[in-house]
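Enquirer: Just dropping this structure here.
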Amino acid sequence: MQIQLLAVGTKMPTWVTEGFNEYKKRFPADCKLVLHEIAAQKRTRKADLNRVMQQEGKSLLQAIPKGNRIVTLEVKGQAWDTPKLAQQLEKWQMDGRDVTLLIGGPEGLSDECLAAAEQRWSLSKLTLPHPVVRLIVAESLYRAWSLNNNHPYHRE
C-alpha cells in the first residue's frame, strides 16, 4: 500500500522537509509514504479567495490516482487517537487500495475535495500551520504503523 500525502504548497522550510523525510524513510516497502506537492495559487489583496481555493481543489483532485481512497485533513473531521489511527491504517491496508490524504491551502479544501472524501480526519481543533501538519501526519502514521507491527517506537 502507498499513502500519498497530497498538499498545497511548495518550498517548505528545510526543517519540514528533513522531518518529513525522516519519517518517510522509516516506513517499510509494503507501506510507503510519499509526498506530492501542488503549487499554491497566488494570493493578492484583491484575489477572490473562493476562486483560489476552487483552483487548488481542482489541482488536488486531478493529482489523485484513480481508485485511491481519499481522506481529507480538516478541522471538522473525525478526531482519531493513536490506537484508532492504527485501526484505520490496518483497515486501509486490508482494503488493498492506496490512500491519498489531502491537505488544502490556507483557506482549506474546496467543496469538491470534501465531497470526494471517503473519510475526514481532524488532527486537532487548533488551527495548525500547513508545514507542521505534514510533520504531524507523517509522525502519527509512523506511530500507528509501529503500533500495528509491535515496533518499540510506540509506548503506552
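Every residue number used here counts from 1 along the chain in the order it is shown.
Backbone N, Cα and C define each Cβ position, glycine as well.
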Enquirer: For the S-adenosyl-L-methionine site that Swiss-Prot describes with Gly104, Leu123, Ser124, Lys125, Leu126, Thr127, Leu128, which of these is also annotated: Leu49, Leu61, Leu73?
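Expert: For S-adenosyl-L-methionine, Swiss-Prot names Gly104, Leu123, Ser124, Lys125, Leu126, Thr127, Leu128; of Leu49, Leu61, Leu73, the listed one is Leu73.
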Enquirer: Counting other Cβ atoms within 10 Å of each residue's Cβ, which of the binding-site residues Leu123, Leu128 comes out lowest?
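Expert: So among Leu123, Leu128, the binding-site residues given, the one with the fewest Cβ atoms within 10 Å is Leu128.
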Enquirer: The record names Leu73, Gly104, Leu123, Ser124, Lys125, Leu126, Thr127, Leu128 as the residues that bind S-adenosyl-L-methionine; what is their largest Cα to Cα distance in Å?
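Expert: Binding-site diameter by Cα atoms for S-adenosyl-L-methionine: 16 Å.
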Enquirer: Which residues in the same chain, at least 6 apart in sequence, have a Cβ under 8 Å from the Cβ of Leu73 (S-adenosyl-L-methionine binding site)?
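Expert: For Leu73 (S-adenosyl-L-methionine binding site), the qualifying residues are Leu101, Leu102, Ile103, Gly104, Trp121, Ser122, Leu123, Val133, Val137.
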